[in-house]
Structure formats: C-alpha cells, structure tokens
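To start, the structure under review is shown below, and the notes come after it.
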Amino acid sequence: MSRDLTAVQAKAATLVEALPWLATFHGRTVVIKYGGHAMIDPGLAASFAADVVFLRYAGLRPVVVHGGGPQIDAMLRRLGIEPVFAAGLRVTTPETMDVVRMVLVGQVQREVVGLLNAHGPFAVGVSGEDGRLFTAVRRSAVVDGHDVDLGLVGEITEVNPTVIQSLLDDGHVPVVSSIAGGVDSDGRRCVYNVNADTAAAALAVALGAEKLVVLTDVEGLFADWPNTDEVISRLTADELEKLLPGLAAGMIPKMEACLRAVRGGVAAAHVLDGRVPHAILLEIFTDEGVGTMVVP
C-alpha cells in the first residue's frame, strides 16, 4: 500500500533548513525575556517551555528572564492594594516590593521552572539577588516636567554572571527573576524592582550572549505606527535609535533593551510575538524568521 509522504517530507525539509542555524548557534548563549500573553495562556506557556528545552537539546545555552506584571497586580488587589504606575513603571512602596518579591520568586519563577522541568531536570530558579547577580540603584522618573518618586524601582548598574555561567556550564537552564539587590538613600541594603526587559538585556551583555529574544504581545516593530500593516523584519541599532521617540509606550522599554544589548556586544536582538506558538524556534531556525531583528 502506497503512503502519502508529503507531510513527512515537509518535516524533513524543515529539519534540513534548520541545519546551518544549528551549526552556527551550537554552544552559544541565548537570553530570552519571557512575559506577556505567552505567560498566562496555558497552551502558549507549554509551547514556550518546549522551545526552550529544544534549544537546550540542540546544543544552545538558553537563559530565561521573566517578569510577572499581571500576577503582581492580581496579588496586590487580593491584598487590598491598588497598583499604581508612573511613567510606565510600577510605583513600588516597601509593601508593594514585598509582594513583587513574593510573586516573582515564589510563584512565577516556580511555575516557569516546573514547565521546563516537565521535559527533564534542566531548569534552576535564580533571583537577581542570588550571588549578587544584579546590583541596582534607585531610579527616578520625570512626568510632565516634574520628578516622580517611584519608590523601590531600580536601574541595574552591575551584573555578576558567575552563578549563571556555572549553571550553564553544568547543563542547566537558569530561570531568573527580575529583582536586584542594592542600598537605599540611607546606605541600608534593600531590594529593588527592576524592569525585566532591561534585566534581560544587561544579562545578555554580561554573558556575551549571541542573542537576546524578547517575547511581546505584538507581531514585532511596526514600520509606520499606529498603522499595523507592515512589520520591520530587520534594522540596525542606528535606525532603531531614530525610531524610538515615536514608538508606542509599551514598546519603548523592549526596543531600548534591544538597543542596549546590540550596542553592548550581543550579535542580534529579536522582538517576537509570543502569541505565536513556537515563535522562538521559527525565528532562530528558519530562513524567514518572524518578528523584528535588531543588529549592530
């Protein structure tokens, strides 16, 4: 009895297409910022975990940096605390910081580690405080010409990647929560809430990563925002810098992270639609790719 081999041959063609990329990226580090809809949709979360484990089996060294804004908001409201934002950043009182720390390290990180470890004993959770991975100083913001006190919101000033390097060398997949240690205005040690996009970019630079991948809830960087007909597939750091002032507010920190990464030595930064199943594999291992790639 004859068989229709079309579907099987298509799978083989996909594998062959991936071959040069597998050779190019074998042994290279890829930092992935995980957030958005891909984090809260069970099917997309499972797809994300499969992609990361595939990278590990394919010989790459993936690192996951996660946020958790929706989960933090939900917990704050359960505790009777209304989330407050200024200049696109969470105003973080000491009480809010306790919730941020609890949710990121105790809830979201555990969920991501569990998803990955369903495929094997790979993932290890790490807080930005561990091994002094991230050190930050208090960040300020200006709204309508006035300084705004953001509380315990930090800007990363130093990255010590030793603990991450050790985990990678041992074959693990680090899962990093975006908080940082530091000192307050009185010189006392404290913990800061840091933007996960910024944290991922800083870590990618410190690790000498080949790629930074940022998952979003849009298709990529649009050529003529707010028109969404055309996505820019590739642009240089200089081209991106010129576009930054006109971007949607939610895209600015993500594209700034890409800019910092490539100017810090990362070979390429990618903004992908996390709502697309297996977007990471499509971007890294196919000729067409998806999303937007930023190069130096």
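Every residue, even glycine, has its Cβ placed from backbone N, Cα and C.
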Q: Name the one residue among Arg28, Arg90, Arg110, Arg234 that Swiss-Prot lists for the same substrate site as Gly68, Gly69, Asn193.
A: Arg90
Q) Other than its own, how many Cβ atoms are within 10 Å of the Cβ belonging to Lys33 (site 'Transition state stabilizer')? A) 32
Q | Least surrounded among the binding-site residues, given as Gly68, Gly69, when other CB atoms within 10 Å are counted | A | Gly69
Q) Excluding Gly68, Gly69, Arg90, Asn193 themselves, which residues in that chain have a Cβ inside 8 Å of the centre of the Cβ atoms defining the substrate site? A) Gly67, Ile72, Asp73, Thr92, Val100, Leu104, Ser178, Ala196
Q. Cβ distance under 8 Å to Lys254 (site 'Transition state stabilizer'), same chain, sequence separation 6 or more: which residues?
A. Lys33, Asp197, Val214, Thr216, Val271
